[in-house]
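Participant: Here's the feature list from TrEMBL:
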TRANSMEM  12-31  transmembrane segment
TRANSMEM  43-63  transmembrane segment
TRANSMEM  144-161  transmembrane segment
TRANSMEM  181-201  transmembrane segment
TRANSMEM  213-234  transmembrane segment
TRANSMEM  246-270  transmembrane segment
TRANSMEM  277-297  transmembrane segment
TRANSMEM  303-322  transmembrane segment
Amino acid sequence: MHRTKQQNNLKWISLISLIFQTTGIVLFLRYSRTKIDVPYVSSTAIVASEFIKGLICIVLVWIENDCSFSRLIRKLTDEIYNKPTETVKLAIPSGLYAIQNNLLFIALSYLNAATYQVTYQLKILTTALCSVFMLRKRIDQHQWFSLCMLALGVAFVTWPSSDEVNKRTSSQVQRSWLQQFMGFGAVLMATLTSGFAGVYFEKILKTGPTSVWMRNIQLAIFGTIFGLVIVYIFDYDAVMEKGFFQGYSTIVWIVVFLQAIGGLIIAAVIKYADNIIKGFATSLSIILSSVVSYFVLNDFNPSLFFFMGTILVISATFLYGWERKVKVTPNNDQQREALGALGCFDNSDVVDALTKQSQNPRAEISETCQIALDRLAWLRKTASNNESSLNSKETVYTTVDPAPPLPPTTIDELKTILLDENRSLFERYRAMFALRNIGSDEAVLAICEGFKASSALFRHEIAFVLGQLQSICSIPALHQQLSILDENYMVRHECAETLGSIGTDECRHILEDYLHDKERVVRESCEVALDIVDYVNSKDFQYCNGLNLVDSECC
């Protein structure tokens with residue numbers, strides 16, 4: 001109950017913060033570019049904002065590490081200095097973000113805040129297209145329709161009113177048209193860089209367990225470097241003549257600060273809210289920007305086309321973020337579990353049922369049935385000797401394994417079988433359970449390699465077996481698998497519960513990070529896992545193993 005209330009509070013805090021940040025940055029930036037007598041160099045403002053963003057993220061990482069400076073230094077060294085390849089990957093999105101931010105300063109020098117807010121929503125279109133080509137993401141039909149609405153809405157917003165068309169011959173209006181063209185061009189280029197950089201950054205976030213704050217520190221490092229390069233190329237003489245911070249007023253520093261916290265607030269919204277909340281914030285921001293532009297800045301006279309376009313853009317934003325309520329189908333998982341259990345009963349009806357379901361289009365069900373059939377075949381083959389009973393006596397685990405462990409051999413040989421995609425899942429399961437029974441750190445790490453398997457069912461069983469072992473050396477692999485948002489939700493669910501069974505402080509911190517995951521099953525699994533952590537630390541817990549039973553029998 002407490003966690004749910006806290007989640008709701010964080011959701012609304014992130015919503016309000018996003019509204020004020022997206023509205024404030026546009027209005028203050030527009031004011032700083034058009035209403036202040038002493039101009040400032042916009043490229044230096046971007047450098048300052050990147051530097052401040054880096055400092056804020058360092059503080060957040062310090063808090064994540066229990067406010068310990070020694071752990072902070074170690075974390076920064078491990079993630080940045082000791083992983084140069086991973087760090088350099090952030091250079092591409094950092095460079096694009098530096099270009100994008102400079103383009104947005106240019107755009108708001110020529111466009112009013114309301115028009116800028118609406119046209120910049122084209123980034124949804126560019127991001128969607130980049131997601132399709134770079135992440136192989138599937139776009140639903142209603143989302144494609146919303147993207148068409150978005151493009152049409154932006155076209156309406158940029159369409160000139162009849163009064164402007166009638167006055168187009170005057171030199172003043174022609175100059176205004178040129179400025180509008182430059183503004184729209186800057187926005188269009190910014191949306192292109194935003195889409196690619198955002199998707200590239202998302203891809204990096206999904207490939208490892210590194211926190212979003214640490215990634216933002218890496219972005220800030222390169223962002224500051226690229227920002228300084230842009231200052232040197234375009235504004236070197238101006239900075240040398242009047243200084244780096246020339247023209248900086250309170251308004252400019254507000255712009256710098258809002259620019260610095262923008263990405264962090266977006267990260268919080270992604271973590272604690274959802275697409276509908278984000279769309280709501282965007283819509284309110286557009287409305288607020290329009291009102292302030294009209295009544296305060298006096299640089300905005302909306303036309304009928306603007307109203308029509310704004311309605312289309314806001315509607316498209318909501319429609320794109322709307323997620324159809326897909327009915328959760330636990331029956332499929334129950335069916336898989338039930339069919340797997342049938343592998344313990346050898347009769348013709350069971351074999352017929354398993355054979356029929358082995359052709360099921362759902363991979364998890366067909367694979368489960370094939371493993372059960374292979375298990376029955378193995379049981380029939382070994383019925384004349386004591387191999388089956390010997391296997392049951394050798395293990396201390398109280399679960400009924402879907403496949404018997406292979407006879408003792410080397411870890412390397414078992415690992416080779418485990419990772420061989422050309423072998424049957426039954427054989428690979430046998431290798432996995434043999435490694436589990438060995439139980440050494442080397443065996444655990446070999447099992448962790450099984451997360452590379454193409455079968456979601458196999459990866460799910462890998463996570464379950466790691467839960468039986470409860471080895472701390474499996475935490476990084478479990479964390480990485482949990483962090484892959486496109487992973488099968490049942491695999492992530494099992495990883496969360498396994499982390500709960502291990503029960504260290506590190507596991508607790510990892511699970512807390514996913515309490516607000518988009519996937520309901522994962523959220524609930526993390527809540528349960530955190531309760532398991534408390535139970536584990538009470539010393540009364542056992543996770544599907546018979547070690548306590550063995551100890552009691554020996555006494």
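Residue 1 is the first one shown; counting continues down the chain.
Backbone N, Cα and C define each Cβ position, glycine as well.
What does the local environment look like for each feature on the list?
Facilitator: Tertiary proximity for the transmembrane segment (12-31) is limited to same-chain residues at least six positions away from its ends with a CB under 8 Å from its CB atoms, namely 104-105, 108, 112-113, 116-117, 251, 254-255, 258-259, 261-262, 265-266, 268-269, 271-273, 277-278, 280-282, 284-285, 288-289, 292-293, 297, 299.
Sequence-distant contacts of the transmembrane segment (144-161) (same chain, six or more residues past either end, CB-CB distance under 8 Å): 115, 118-119, 121-122, 124-125, 128, 168, 177, 180, 184, 303-306, 308-313, 315-317, 319-320.
With a cut-off of 8 Å between Cβ atoms, the residues of this chain six or more beyond the transmembrane segment (181-201) that come close are 90, 92-93, 96-97, 99-100, 103-104, 106-111, 115-116, 119-120, 122-123, 125-131, 134-135, 158, 215, 219.
Within its own chain, the transmembrane segment (246-270) is flanked in space by residues 10, 14-15, 17-18, 21-22, 24-25, 28-29, 31-32, 36, 38-41, 45-46, 48-50, 52-53, 56-57, 60, 101, 212-213, 216, 219, 238-239, 277-278, 281, which lie at least six positions past its ends and keep a Cβ under 8 Å from the stretch.
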Participant: Are the transmembrane segment (213-234) and the transmembrane segment (277-297) close, by which I mean at least 3 Cβ pairs under 8 Å that are 6+ residues apart in sequence?
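Facilitator: No; fewer than 3 Cβ pairs under 8 Å.
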